[in-house]
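Per TrEMBL, the features are as follows:
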- Glu91: active site, proton donor (ACT_SITE)
- Asp232: active site (ACT_SITE)
- Glu325: active site, proton donor (ACT_SITE)
- Glu346: active site (ACT_SITE)
- Thr449: Ca(2+) binding site (BINDING)
- 667-678: compositional bias 'Basic and acidic residues' (COMPBIAS)
- 585-726: region 'Disordered' (REGION)
Amino acid sequence: MLELNFAATRQRVVAMFHHAYDGYMQHAYPYDELRPLTCDGHDTWGSFSLTLIDALDTFAVMGNFSEFRRVADLVIEKMDFDIDINASVFETNIRILGGLLSAHLLSKRAEMELEPGWPCEGPLLRMADDVARRILPAFDTPTGMPYGTINLRHGVPKGETTVTCTAGVGTFIVEFGTLSRLTGDPVFEKVAMRALRALWDSKSELGLVGNHIDVSSGKWTALDSGIGGGIDSYFEYLVKGAIMFDIPEMLEHFKEYVVTIEKHTKRDDWYMWAHMTKGGITLPMFTSLDAYWPGIQSLLGDLDKGMKTMHNFHQVWKQFGFLPEYYNIPKNEAHSGREGYPLRPELLESAVYLYKATKDPFLLEVGIDAIEAIEHSAKTECGYATIKDVNTHRLDNRMESFFLAETTKYLYLLFDPDNFIHNNGSRATVIDTPNGECVIDAGGYFFNTEAHPIDMASVYCCSSHKKDDDRAIQNMHDNLDLLSLFGISEPEGWIKGKKLRKTAKMVESGTRVQSHVLQKIQQSDLLGKEQKDITSDIMFDVLKDRILELKAALEDKIQESNMSSNPLIGNISKNLDRLIRENVKDVKNTTTEDTEGSEKETIAKPNDQEEVSENIQKQSKPDLPEIGNSYKNVNKREISESEEVSISNQNTEEGHTKNNLEDEVGKDDKHDKEKTLDESNSNTETIKERKMEPSVQTVYIQPQTSEKEGKSQQKSSTDKNINQQTVSNIEKVFNLLLGNPEPKNDPLSSSPNILHLYRTMQLYPLSYIPRPEIMVCKAQPFHMRFSLGGELFDEE
């Protein structure tokens, strides 16, 4: 087994990063990139100090906040994108736009001075918006697919070719979607989605896409289909964009691509290139850009396939010391003319994802091999050079910006398990913003294809979806009823009075049916055989005790998970207390007080009912049942001077209400059902209240029934209120609430974990996606993974 000093290995990576960065700043800035053999600089993808922006968020990941602030201030002060140069639309998007967005979102962590509207405002965000608007004209084509080149001042250059690679069309949703959510301008996300849909509509009858396409006509110009260079990040962004922004069609598209890719391009555990219309293998090649694929497989929970592919790729590395750009699989050799290795990160990227999911030490070996090889063969006096030939380790005079943005970052994260990027949701920061209270820094970072991390919790904070989701979550909190989790429907006998101060009051009958709850408990083994004859008084006490046990168990769980410092946990505990108060109350200890359209709890004294007017005292009404200290809150209303209340003399039956948690988190085609009351208009009496002291009194209003009728109704409702379709064992309900494991053959095992759902909704906006049959979080924690079957799991 590999014995490794993680701290020492991280320091080697930090030293590698700073050697390259210092060389760039001393010899190449403000050019785009360093030439490490001649120790000078040159412009490559534009003329905007590409390496400086691309490397900025790596300082934050490595914890060098002082240098992050210095470089960010330098970028803000010096950088101007109003320049007359032609730039790659694809590269400008993933390196410049992605780098600016990530740096903006990491500004608080790096302790920069923030504007009051952050994360929805800030200088780096405005720069990102400026860059995106300069490349936006490239999308003005008949198909919606963008040109490959843009002039940052004048738009699409005259005579620009209409042919671009597939990745150059489908690699925008992560950056453009993030920008739209942060700024509130939907145009960026819309054009990115239009381009993605255009690619999907252009696939062949076999379900494959080619390598290059004409963005004007939509016709394919290169028909080789695979997972590597020219196509790679299109597939990557289908998966990441689907999870980040809850766009189910993107995941459906990817799942269909996987079927055709496995059928036409996969041989053993290798992925080759096939003809997109005929399906035959055209190039039996592995390309170094294929190495991102195991990481995507791990995101979808396909770990076995991911690890097998990873072992194949690593064998190529071991053969040459690096990954050649093209590797001929049948001949076991680097393809002539494509035998270079420009310090690419894709193999290390997959190692980070797979190690987080599996903890397989083999993946650490992959990282060590990379460090040793780069230090041994690629290091120069002022940086690290591209390997021109993996057979001889001959060098080329170029250091791509992604070496600082991706390669060193992934190496560092592989050996830093406690990095904030790996946060599993146990830590978070709560901030006040113009959009209300937001939770950020709780994990759930997504890397764009240039390894720029995006905190989706911060993005969500600024999005237009937040207010709608806030209302849904609040509605869930307000309406969650623990009794419904026990399979207990509301009792009969509710009646509706007139509005009091513009608030419709629901008045519950004092005659409560308790025996259906008792029957549920007696049917289970929860109380033991010796307590089968438990009385209703004791039964309600037991119910209250069980809920209090839940609260204690929850607090123990919090302590065990070292989550007590999480500010959100207090919310859970307080809400549980509220649920106990609202669902298990003593009728003797609660009343309501009408105050300016709101209700307030007060203490009702035993002699309050004696002060009620003679008209009410003369009513024939059964005595309130003695039900112990665990009786649910009885709704009451106040009668003040000269008010009239119509009271039905007949029992009314409350419509069944199904409290469906899925409704509260936005599942399609379902809506909350409101309680309906069938109120009889016959045989009513008008009650006039005379002046009383005090001026406001509490009245328990019940339908007029004889003592015999009341007993009959209570007996008959024993069976009516039993919901046969819900949980019959109280212990299982607590297991659901606490997230305890259930047997696989138990129907409850397929139910949502209520505690997990509740906590996740506090940390992340949750929604259910109908078509892919998966549950996704808009700010999905980095440690969580999805399977194609919809199973959500983590490293444990």
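Numbering starts at 1 and runs along the chain as it is shown here.
From the backbone N, Cα and C atoms, a Cβ is placed for every residue, glycine too.
TrEMBL does not curate its annotations; it predicts them automatically.
With Glu325 (active site, proton donor) as the anchor, the candidate active-site residues are Glu91, Asp232, Glu346, and the one with the nearest CA is Glu346. Among the active-site residues Glu91, Asp232, Glu346, the residue whose Cβ has the fewest other Cβ atoms within 10 Å is Glu91. When Cβ atoms from all protein chains are considered, those within 10 Å of Thr449 (Ca(2+) binding site) total 25, not counting its own.
Of all Cβ atoms in the shown protein chains, 23 besides its own fall within 10 Å of the Cβ of Glu325 (active site, proton donor).
Distance from the CA of Asp232 (active site) to the CA of Glu91 (active site, proton donor) is 14 Å.
Distance noted between the C-alpha atoms of the residue listed as 'Ca(2+) binding site' and Asp232 (active site) is 10 Å. When the alpha carbons of Glu346 (active site) and Asp232 (active site) are compared, the span between them is 11 angstrom.
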